[in-house]
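Summarising the annotation, TrEMBL assigns S-adenosyl-L-methionine binding site to A:Leu10, A:Asp85, A:Gly88, A:Ser113, A:Val114, A:Leu164. Marked as domain 'Tetrapyrrole methylase' by TrEMBL: A:3-248.
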There are 2 protein chains.
Amino acid sequence: MVLYLIGLGLHDEKDVTVRGLEAIKGSERVYLEAYTSILGIGKERLEAFYGKDIIVADRDMVETDSDAILKDADKVDVAFLVVGDPFGATTHADLLLRADALSVPYVVVHNASVMNAVGALGLALYNYGQTVSIPFFTDSWRPDSWLERVRENARLGLHTLCLLDIKVKEQSEENLARGRKIYEPPRYMSVPCAISQLLSLLPPSPSPSSPSAPASADALDPSTTLAISASRVGHPSQTFVSGTLSELAELDDDRFGGPLHSFVILGRTFHALERDFARRWAVDKDNWDRVSKEVYGVRD
Amino acid sequence: MVLYLIGLGLHDEKDVTVRGLEAIKGSERVYLEAYTSILGIGKERLEAFYGKDIIVADRDMVETDSDAILKDADKVDVAFLVVGDPFGATTHADLLLRADALSVPYVVVHNASVMNAVGALGLALYNYGQTVSIPFFTDSWRPDSWLERVRENARLGLHTLCLLDIKVKEQSEENLARGRKIYEPPRYMSVPCAISQLLSLLPPSPSPSSPSAPASADALDPSTTLAISASRVGHPSQTFVSGTLSELAELDDDRFGGPLHSFVILGRTFHALERDFARRWAVDKDNWDRVSKEVYGVRD
């Protein structure tokens, strides 16, 4: 029979495709991959919708015990569910190569992921460069390689989708040291947190009295770099906010909607229709139009 | 009520999501956008599956007569169906801004598109640069701006997803001149056609006797640049082929499966697990491994 790798889409039990739902209902065992992303609902709601028990597969299980997942998959169908698209956050290549080695055929049922649903912001997907993930900084760890990726995109006039860190199933140092499996509450990075981390990596702005040359795109000057935030894309409560990096950094977290947050830093390849589309979510519509015209060179 | 913008996914009537299907069944009118992509099946099969008539909306209708689509959408639900994701090939921003102007709320139901389903090739989506579309060359029109986009990606070590031209509803010059609405059979660009166009834009290779320095990544040397083709991603008959540009250019069209074809030109950010995953589709497995190691620097 076959291993189904099934994308669940972006929010709840109804975002699965008809093809995916049929495959789940016909499967002997159903696993839910629970470490690269989260769904907006609990597994109980999925179980009720499918009429099936679900086995939660954490990273350990997928990476070190894939044979348990693949057990008997040459005789019965097995479904492996992934939030978003099965190849979105990680390719699951290890699991699929193992299936091949065991002569278990696999079938992929694709679905939306944030990588394509971000199109809802109205910027042409063709003009996005590489995607980055922004990790939580700590006192002693401030990784910045992602910032150079943003600059590379900016130099080419391309947009950058920035995905923000989540911390789930983390242990405190004390609990880790004592071997206690007690986990901290989950933490989701907000847009203001991500932008403030970004700004902390930039050189200090010149004082207002110094002669001002127009900043190059890859300087990411916070008052002249546009961005659009997106939370819960595809969910009824999705929230988009557009503005300069400075404007977004100053808003309260809850202005951006519930987690997960992400945002896009706009490259200079930006057109009048895109400006009009995103103006609807602007913190300051006049400033949005002004920066679009004076800095991004958008003409009607 | 509401305008639903619903992605149909990649292949047939079962690739719609459960949420999308419910919205279609509850809609008073159902439009199918029929100019940015094609589904693998006819509209009759969709109509049978939905139990609804479908109105085909061509580019003219969407761009110049959107008020017909939006008619009464403040009183009844209207569904507008798009193959793939609704924001994949074009953002439909005009239609959505018009809905806003008429105070018709809209709801987007996302789905897979080739932009994220290409993840099935096993290359991390984070390492893709901008996507390009390769148009059919004619005797007098050989646009090449897309090639510079590929080079920009290659310089950064990034992969390029190349989408290939389709010609549907085209008229011959004679029929166009005579105002006869007779259309040519559809044409879909094949991977060998696209690669031969690409190679025709490169400078001639140095003769074998000249001293050879290793080619830079953005030279796109056909014997040392790796690529992976993908046809009908998400379809049971999907076909992937991996190899150098030279190897792929020499294969027959039908080796790549049915249309639509696309392919990815690999940047140097390429890892051992990705090499192993794609080796399964290699024209020449030994050469795949050799180029991965000697040119791309892939280490185990």
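Here the Cβ of each residue, glycine as well, is placed from N, Cα and C on the backbone.
Taking the features listed in TrEMBL, we show where each one sits on the structure.
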{"residue": "A:Leu10", "record": "S-adenosyl-L-methionine binding site", "Cβ contacts under 8 Å, 6 or more apart": "A:Val83, A:Gly84, A:Ala112, A:Ser113, A:Val114, A:Ala117, A:Arg232, A:Val233, A:Gly234, A:His235"}
{"residue": "A:Asp85", "record": "S-adenosyl-L-methionine binding site", "Cβ contacts under 8 Å, 6 or more apart": "A:Gly7, A:His110, A:Asn111, A:Ala112, A:Ser113, A:Met115"}
{"residue": "A:Leu164", "record": "S-adenosyl-L-methionine binding site", "Cβ contacts under 8 Å, 6 or more apart": "A:Ser133, A:Ile134, A:Tyr188, A:Met189, A:Ser190, A:Val191, A:Cys193, A:Ala194, A:Leu260, A:His261, A:Ser262, A:Phe263"}
Secondary-structure category, per DSSP, in which A:Leu164 (S-adenosyl-L-methionine binding site) falls: strand
A:Ser113 (S-adenosyl-L-methionine binding site), number of other Cβ atoms within 10 Å: 31
Neighbour tally for A:Gly88 (S-adenosyl-L-methionine binding site), based on other Cβ positions within 10 Å of its Cβ: 23
